[in-house]
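Colleague: My questions all concern the structure below.
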């Protein structure tokens with residue numbers, strides 16, 4: 001048993017495929033009823049971790065607990081989890097109804113009870129008249145829903161989803177995201193969702209584990225991940241970020257003062273507990289947290305002058321790149337076009353960059 | 001400018017080549033049915049007249065039917081055993097990480113290239129050393145060895161053709177390996193199994209060398225035919241029987257290929273839709 005209230009508890013799990021380490025000492029707790037995402041680029045180990053939850057791979061070392069039970073010796077067909085596969089894995093020789101009812105064989109239900117359950121599911125996934133269709137007569141979105149229904153009909157404790165929206169086109173994907181989230185709220189089952197799409201993860205999840213090279217970099221809520229990334233890896237994976245080199249000049253009352261190259265003195269409350277004065281650090285700010293003005297903003301205390309390098313007009317917003325003295329890369333600034341734009345701003349013009357207090361985040365090394 | 005694309009345009013040379021190829025391949029075979037309807041015991045031109053008497057005669061010869069029955073028994077047993085083994089071998093080869101998989105598959109496929117006479121002699125030596133009397137059972141053993149590579153070669157593409165996550169999905173939905181096999185794997189590879197049964201039956205039915213070395217007193221049909229070649233009087237009805245076998249073999253192989261191809265085309269179509 002684990003001591004905390006975690007529903008799924010991944011404890012110090014390692015996984016080797018030969019000499020390749022796919023999972024590197026991962027420990028994650030997932031709560032009951034949570035929509036939890038494993039986010040990372042391909043090859044980061046997120047799918048391997050999901051397959052270990054399903055039982056298709058076993059950890060080389062470490063243990064996975066589901067509802068307090070160690071899962072090492074439990075084969076896939078006896079685990080209280082069900083999975084929606086990336087390819088959906090719809091049984092092509094069965095029709096929709098038989099696909100959905102596939103897992104019900106062991107429950108030995110009378111036929112009408114079974115049909116009732118399948119009808120309920122068809123209703124839930126909004127395909128009530130599709131029961132007699134063959135798998136090859138279905139579109140990608142329909143297959144995806146059937147894969148969902150087939151898993152949900154067994155009322156699993158945990159539903160595992162392996163990039164279920166990856167194969168769908170953008171519009172359908174956005175619609176399915178909303179439906180998936182609504183569905184999760186309705187059924188109240190714990191969802192573990194694997195994706196490489198950071199936007200999708202931010203939209204859907206209660207919490208997200210960002211993974212890279214088999215390690216869990218940070219496990220947090222979408223807002224915390226975006227606003228307070230712990231490391232440069234996480235910060236650059238989620239959204240865009242401006243990074244600067246800096247040196248900590250002092251820490252007092254929960255505020256760190258950092259001398260930032262190209263910017264000057266910055267103070268922020270966003271930093272980790274291990275930060276020490278005198279340390280060389282990486283400090284970062286999101287493009288939309290920077291304001292761009294042509295004249296010096298009088299009411300803002302935090303500001304620096306720069307030279308407009310490039311501007312890109314994107315309709316609802318514009319991206320600006322501003323060169324600062326002492327740094328090689330221009331700083332990215334994103335601004336909403338609240339007023340009607342009258343042509344793009346000239347290049348090679350002096351501008352002012354300003355920011356609110358605590359807009360900067362000090363990142364941990366490595 | 002031609003409206004045909006580069007790859008689709010008609011190629012006259014290739015068409016002629018294909019025609020010659022088919023002629024060389026099948027014209028000699030067509031002599032069998034041709035002379036089986038010829039009203040003469042000598043196989044030579046000019047043809048002397050049309051008759052079905054050789055076919056009629058064939059129906060009155062007991063040993064022919066006995067030999068045919070032997071061949072059918074051996075063929076059915078062989079195809080069932082070879083296909084049974086083939087299913088498990090193909091599944092193992094395509095589904096599990098086996099160390100030395102390449103050489104293993106090579107060894108399984110070896111009977112395709114090792115001359116039958118060598119296998120025949122080897123098995124004969126082995127069986128006589130073990131003191132096992134030659135019979136239709138020993139012929140069947142020989143035929144299973146010959147047929148196994150055909151069965152596996154037919155089945156491997158079927159197993160490779162479907163997404164392994166489909167079997168995982170079955171496990172995930174609560175079925176153990178046994179039920180997964182019967183509820184998912186078997187129905188999905190069934191066309192391949194059918195094709196393998198037909199193909200291995202045909203191979204066994206036609207096989208001569210192994211039967212020659214390994215049969216006891218009961219001849220299989222090819223052996224019986226070979227025995228009859230010494231008697232010119234019997235020859236035309238052998239032609240008649242050969243013609244019948246030709247037609248039946250052709251139909252069986254054709255059905256087997258057609259079933260399997262149809263299913264593969266469907267799988268491909270599904271892949272495209274994704």
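Placement of Cβ uses the backbone N, Cα and C atoms for every residue, glycine included.
Sharing the feature lines straight out of TrEMBL:
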- B:68-256: domain 'ABC transmembrane type-1' (DOMAIN)
- B:16-37: transmembrane segment (TRANSMEM)
- B:105-128: transmembrane segment (TRANSMEM)
- B:134-156: transmembrane segment (TRANSMEM)
- B:177-202: transmembrane segment (TRANSMEM)
- B:208-226: transmembrane segment (TRANSMEM)
- B:238-259: transmembrane segment (TRANSMEM)
Colleague: Under 8 Å, at least three CB pairs between the transmembrane segment (B:105-128) and the transmembrane segment (B:208-226) (pairs 6 or more apart)?
Modeller: yes
Colleague: Rank B:177-202, B:208-226, B:238-259 by Cβ pairs under 8 Å to the transmembrane segment (B:134-156) and hand me the top one.
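Modeller: Ranking B:177-202, B:208-226, B:238-259 by Cβ pairs under 8 Å to the transmembrane segment (B:134-156) puts B:208-226 first.
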Colleague: Below 8 angstroms Cβ to Cβ, which residues of this chain, lying six or more residues outside the transmembrane segment (B:208-226), approach it?
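Modeller: Those are 63-64, 66-68, 70-71, 74, 116-117, 119-121, 123-124, 127, 133-136, 138-139, 141-143, 145-146, 238, 241-242, 245, in sequence order.
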